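In what follows, a single structure is set out as structure tokens and then discussed.
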Amino acid sequence: MANELAKTVVLVGMMGSGKTAIGTALAKRLDVPFLDSDAEIEVAASMSIAEIFARYGEPFFREKEEQVIARLLDGAPSVLSTGGGAFLSPRIRQLVSDRGVSVFLDADLPLLWSRVRHKTTRPLLRTDDPRRTLGELFRARAPVYALADLAVEARAEYSIADMTEAVADTLSRAGIIKETT
Ligand SMILES: Nc1ncnc2c1ncn2[C@@H]1O[C@H](COP(=O)(O)OP(=O)(O)OP(=O)(O)O)[C@@H](O)[C@H]1O
Ligand SMILES: O=C(O)C1=C[C@@H](O)[C@@H](O)[C@H](O)C1
Ligand SMILES: [Mg+2]
């Protein structure tokens, strides 16, 4: 069955909620381009996110993030996975609402921690107590992620394929994915 995507699907949520993993699978399923703002920033800067934070600081990263997301939202309907902090920016929220549909991947704290605890790629978690830091970010950001157009609960028992199906189902019910045949 062929599908048509009405506008760009923008995945938002905490680090480890699955924006990159689910975005990759969803784009494949819908046969549309997959874009990842973190990956695009790394390519543009020829540096990892951790290096950008270390050399230039978080405000510089946030500036680049906004520029990259504005550019990525300019193209044909796609799946765009954002960085975990992108949706905190009011300007980015406005861009997303003007040109796409936001989908919050809603994972609870234990699930997020289980996914990020062994990774060293997230500079904001390089603290003395990364578990506590993750909890603080989680609580501070929850009201902002709740502003997303759509939300899908990420359950620990879901595989990547299950979660991709749940997101696609939500998008179909919202009329963002339309069956063409
Ligand atoms: N059901 C699932 N849904 C999503 N991710 C899963 C699932 N099961 C296992 N994973 C793994 O959990 C991790 C999720 O991390 P991912 O990089 O996709 O998160 P992210 O939201 O893009 O984080 P960041 O904001 O740091 O970019 C990946 O390693 C992925 O393979
Ligand atoms: O949650 C965040 O603020 C971040 C998440 C990652 O995707 C990266 O964008 C970066 O590590 C910051
Ligand atoms: Mg990601």
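Using N, Cα and C of the backbone, Cβ positions are placed for all residues, glycine too.
Of the residues proposed, R93, R99, R122, the one TrEMBL records at the same ATP site as G16, S17, G18, K19, T20, A21 is R122.
In terms of C-alpha distance, the listed binding-site residues K19, T20, R122 place R122 closest to R62 (substrate binding site). Largest Cα to Cα distance within the recorded ATP binders G16, S17, G18, K19, T20, A21, R122: about 16 Å as a whole number. Note: the ATP site is recorded as G16, S17, G18, K19, T20, A21, R122; in the same chain, G13, M14, M15, I22, S81, G84, L105, R115 also have Cβ atoms within 8 Å of that site's Cβ centroid. Spread of the substrate binding residues is 19 Å (greatest Cα-Cα distance among D38, R62, G84, R141).
If you compare Cα positions, R141 (substrate binding site) sits closest to S17 out of the binding-site residues S17, A21, R122.
Within 10 Å of the C-beta atom of R141 (substrate binding site) sit 17 other C-beta atoms, taking all shown protein chains into account.
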